[in-house]
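Here the structure is laid out as structure tokens; the discussion comes afterwards.
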Amino acid sequence: MKVSEAALSLLVLILIITSASRSQPKVPEWVNTPSTCCLKYYEKVLPRRLVVGYRKALNCHLPAIIFVTKRNREVCTNPNDDWVQEYIKDPNLPLLPTRNLSTVKIITAKNGQPQLLNSQ
């Protein structure tokens, strides 16, 4: 009898916790959520002809310049690299608005090309 009462109590507790966590309101759109941050840098020089714009992610744990390619891929780069500095000084390369996302994107080299591994 004590075992079934304990099991029933545990089940009720789990249901209460689960329903409470599901009823939590989502964060309103106007709340400033973390912008896209990078976990590591793309190590190679990205061909300039592939880049259509860039974003800054400088307030992250790993500061980065995120280049956006013609295929709408985002490539995390080291803002201290000479080639990155050269690209962002190009007046024909627009600074794009920061995206407010709580996700982290990881870019790595695969077959010499940038590859998006995790996008949302």
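Here the Cβ of each residue, glycine as well, is placed from N, Cα and C on the backbone.
The feature signal peptide is assigned by Swiss-Prot to 1-23.
Its Cβ placed at the centre, CYS60 (disulfide bond) has 16 other Cβ atoms within 10 Å. In this structure, CYS60 (disulfide bond) belongs to neither helix nor strand by DSSP; it is coil. Per Swiss-Prot, the feature disulfide bond maps to CYS37-CYS60 (among others).
The Cβ neighbour count for CYS76 (disulfide bond), using a 10 Å radius over every protein chain in view, is 24. Sequence annotations record features per position, and here Swiss-Prot assigns disulfide bond to CYS38-CYS76 (among others) based on similarity to another entry.
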Per-residue Cβ crowding (10 Å cut-off), top of disulfide-bonded residues CYS37, CYS38:
CYS38
What does the structure give for the C-alpha distance between CYS76 (disulfide bond) and CYS37 (disulfide bond)? Integer Å is fine.
9
Taking the Cα atoms as reference points, how far is CYS60 (disulfide bond) from CYS38 (disulfide bond) in Å?
8
